[in-house]
Amino acid sequence: MTEAARNIAARETTVRISEIFGPTIQGEGPLIGLPTVFVRTGGCDYRCSWCDTLHAVDSEYRDTWKPMSVEAIWQEVLGLSGGMPLTVSLSGGNPAIQPLGTLIAKGQGEGYRFALETQGSIAKDWFADLDHLVLSPKPPSSGMETDWQAFEDCLAAAGDGPQVALKVVIFDDADYAYAKAASARFPHLPVYLQPGNHTPPPPDDDDARVDIDGVMDRMLWLVEKISEDRWFSARVLPQLHVLLWGNKRGV
């Protein structure tokens, strides 16, 4: 696509946006600690029981999701980053619902990198253009069922383009067993285990209390589990932003 065509697409393509914020650090997964601007889209095809971003998921909050052109989104990213290239995290909800290919192309043309996390339920051809793709299938505690064919479709769509990682949120033994099975199914993917936050915020209260002690107890349990099982390829990482700021939004 020529630069002129990209500019036209940027003006004409509309994305539902829940919030854009940063720069801050990526709080979880393989890019943890990396300076990042977040573009959070609105809408999701899942309803996980412990979702911590219901304001970007529940259709009750649809009126707060702002339809924005790619050009308008990009101007916000540029303003937040001061025009200095960094990583842009595309999140949600499920960002795979939205038409993000034009945004990725525009940003990469200016030296920015793009990462996306999704549950792996919807494959898009523009996955191949990402720099990082984190596939985070939802374990039994979420109340959702995993469509492994759709997950494999996401891997196929990504091809050899982005660095791909597997991340699973863990609350209990059933989730742990699910993560081990998923890792065995896709042994070529680096795997990250994240202790679940059992005190996620209500969508209208980002100051809700977090049981940090409970989350850290779960993390210690996870460390002990992988050590006992000799699962030495797994990495256990917390949600760093939760440890720093609790359930506060926009950080």
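Positions of Cβ are set from backbone N, Cα and C atoms, glycine also.
Just one of Arg11, Arg40 is listed by Swiss-Prot for the same substrate site as Ile25, Gln26, Gly27, Ser91, and that one is Arg40. The CA atom of Gly93 (S-adenosyl-L-methionine binding site) is located 19 Å away from the CA atom of Ile25 (substrate binding site). Taking Cβ-Cβ distances under 8 Å and a sequence separation of 6 or more, the neighbours of Gln26 (substrate binding site) in its chain are Ile32, Gly33, Leu34, Pro35, Thr36, Thr87, Ser89, Ala115.
Looking at Gly27, Gly93, Pro137, the binding-site residues in this record, the fewest other C-beta atoms within 10 angstroms of the C-beta turn up around Gly27.
On the backbone, the CA of Pro137 (S-adenosyl-L-methionine binding site) and the CA of Ile25 (substrate binding site) stand 23 Å apart.
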